[in-house]
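S.K.: Before I ask anything, here is the structure I am working with.
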Amino acid sequence: MDDTLNQLNPSMSRRQLLNFFTGAIVAATASAAIYPATKFFMPPAESTDAEGGVLAKDKIGHPIPASQILVQASGTRALIAGLAGEPTYLTVREDGTLDPMGIVNNCTHLGCTFPWNPVDQQFQCPCHGSRYDAQGSVERGPANRPLKLVHVQVKDDYIWISSWQETDPRTGEKPWWV
């Protein structure tokens, strides 16, 4: 009888070692390639204040200092990226402050974006001809609802935009967007 124990070979063969390292290199390369792609498709986390507001940003995503907008003439409308990146108009008031009510730049007819016309003192939608006054109320259709409002607040030279949940001051009713 043979007294030697019949053991499996505990050491790894050269082929197994090379397969292991090849798999590890492929996994590391795939992870390195997938990471930037997932970062591209995932939006960055918004910085919010205690009321759930977000910082006003320019078109490339940098926060806009309030002082940059407040140096403009009264009545100027600045277009910024507000809640969920929605284009939002901010207005410089006569006293050199920002109007606490911002107007979201999406037509309530079909969602087109539009410019402020300083000559006519209107928002004019180029898609189907809707017209809105300086406060965002409908002056001419086909749109039948006023423009969405947001709260605007300046804290430490930063502009914070937050959702408007209260009664719409233009209609005296509950906002349609809530």
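Cβ coordinates come from backbone N, Cα and C, glycine included.
Straight from Swiss-Prot, here's the annotation block:
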| type | residues | note |
| --- | --- | --- |
| TRANSMEM | 17-36 | transmembrane segment |
| DOMAIN | 61-161 | domain 'Rieske' |
| BINDING | Cys107, His109, Cys125, His128 | [2Fe-2S] cluster binding site |
| DISULFID | Cys112-Cys127 | disulfide bond |
S.K.: Same chain, not part of Cys107, His109, Cys125, His128: whose C-beta falls within 8 angstroms of the C-beta centre of the [2Fe-2S] cluster site? Give them in sequence order.
M.R.: Thr108, Leu110, Cys112, Phe114, Cys127, Gly129, Ser130, Pro142, Ala143
S.K.: For the domain 'Rieske' (61-161), what's the model's average pLDDT?
M.R.: 88
S.K.: Provide the three-state DSSP residue tally for the domain 'Rieske' (61-161): helix first, then strand, then coil.
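M.R.: Grouping H, G, I as helix and E, B as strand yields 8 helix, 39 strand, 54 coil.
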S.K.: Please report how many Å separate the Cα atom of Cys107 ([2Fe-2S] cluster binding site) from that of Cys127 (disulfide bond), as a whole number.
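M.R.: Cα-Cα distance, Cys107 ([2Fe-2S] cluster binding site) to Cys127 (disulfide bond): 9 Å.
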S.K.: What Cα-Cα separation, expressed in whole Å, is found between Cys112 (disulfide bond) and Cys125 ([2Fe-2S] cluster binding site)?
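M.R.: Taking the Cα atoms only, Cys112 (disulfide bond) lies 7 Å from Cys125 ([2Fe-2S] cluster binding site).
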S.K.: I want to check the contact list for Cys127 (disulfide bond): same chain, sequence separation of six or more, C-beta distance under 8 angstroms. What comes out?
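M.R.: Cys127 (disulfide bond) has long-range Cβ partners Cys107, His109, Leu110, Cys112, Phe114.
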S.K.: Taking Cys107, Cys112, Cys125 as the recorded positions to compare, which has the smallest set of other Cβ atoms within 10 Å?
M.R.: Cys112
S.K.: In sequence order, which same-chain residues at least six apart have a C-beta under 8 angstroms from His128 ([2Fe-2S] cluster binding site)?
M.R.: Cys107, His109, Leu110, Cys112, Pro142, Ala143
